[in-house]
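J.: What follows is a single structure, and I will ask about it in a moment.
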Amino acid sequence: MTERRVPFSLLRSPSWDPFRDWYPAHSRLFDQAFGLPRLPEEWAQWFGHSGWPGYVRPIPPAVEGPAAAAAAAAPAYSRALSRQLSSGVSEIRQTADRWRVSLDVNHFAPEELTVKTKDGVVEITGKHEERQDEHGYISRRLTPKYTLPPGVDPTLVSSSLSPEGTLTVEAPMPKPATQSAEITIPVTFEARAQIGGPEAGKSEQSGAK
């Protein structure tokens, strides 16, 4: 079976920037375990100096003391860490009419994603080229594969990318074969002479003599 590249519909707005959360220096710390603070008391100070738009709320000035500050920062830390760990998580759904895979690819730009089918398998590839920051080098690679259900036409596979960074790949399920209508075939009755033919009639006459 030949390989086919599946184009996906880009549902993001034109102003969307896939690296908008990557620009601040501290916004890349979740990509490396050694960039995280070790103790809860350090979280408050670390988050207070972090430039993470959309991830962490500013710590209220009224909060005093390391324990109170850590308690205020912990929910924000959990949200950010949960978002990081959710990257690459997929969900497969199959109904009588449709087969669908949803994959979180929020860390990849549209031009870094490729969807193709080959030998009844959907292959999704996402790759970041190696980038350097103050902590070292960062690179990502995503290569999940999904086997299409039997009977699914690979040429009908389509994909789309949502504004939230969810890649959806889907295909219609094959329709079950329609059962043919029952047909009764009539049996035609033939006389004995017709069944035996002319030669049979002559044999009977010879026997009578």
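Placement of Cβ uses the backbone N, Cα and C atoms for every residue, glycine included.
Remember, predicted model here, so these are calculated numbers, not experimental data.
Per Swiss-Prot, the feature domain 'sHSP' maps to 80-188. As annotated by Swiss-Prot, omega-N-methylarginine applies to ARG12. Taken from Swiss-Prot, the feature phosphoserine applies to SER13, SER15, SER82, SER86, SER87, SER90, SER102, SER180, SER203 (among others), supported by similarity to another entry. Per Swiss-Prot, the feature N6-acetyllysine maps to LYS127. The annotation phosphothreonine is assigned in Swiss-Prot to THR178. The region 'Interaction with TGFB1I1' annotation in Swiss-Prot covers 74-209 and rests on similarity to another entry.
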J.: Mean pLDDT, the domain 'sHSP' (80-188)?
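T.: Within the domain 'sHSP' (80-188), the model's average pLDDT equals 84.
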J.: Which three-state DSSP class does the residue listed as 'N6-acetyllysine' fall into?
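T.: Note: the residue listed as 'N6-acetyllysine' is in a strand by DSSP.
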J.: If you measure SER102 (phosphoserine) to LYS127 (N6-acetyllysine) at Cα, how many Å is it?
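T.: Cα-Cα distance, SER102 (phosphoserine) to LYS127 (N6-acetyllysine): 18 Å.
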J.: Between the Cα atoms of SER90 (phosphoserine) and the residue listed as 'N6-acetyllysine', what distance do you get, rounded to the nearest Å?
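T.: Rounded to a whole number, the Cα-Cα distance is 17 Å.
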J.: Which number gives the other C-beta atoms within 10 angstroms of the C-beta of LYS127 (N6-acetyllysine), all protein chains shown included?
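T.: Looking across every protein chain shown, the total is 13.
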J.: Provide the number of Cβ atoms within 10 Å of the Cβ of SER102 (phosphoserine), excluding the reference atom itself.
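T.: Its Cβ has 16 other Cβ atoms within 10 Å.
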J.: When DSSP states are grouped into helix, strand and coil, how many residues of the domain 'sHSP' (80-188) land in each?
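T.: When I sort the residues of the domain 'sHSP' (80-188) into the three classes, I find 12 helix, 47 strand, 50 coil.
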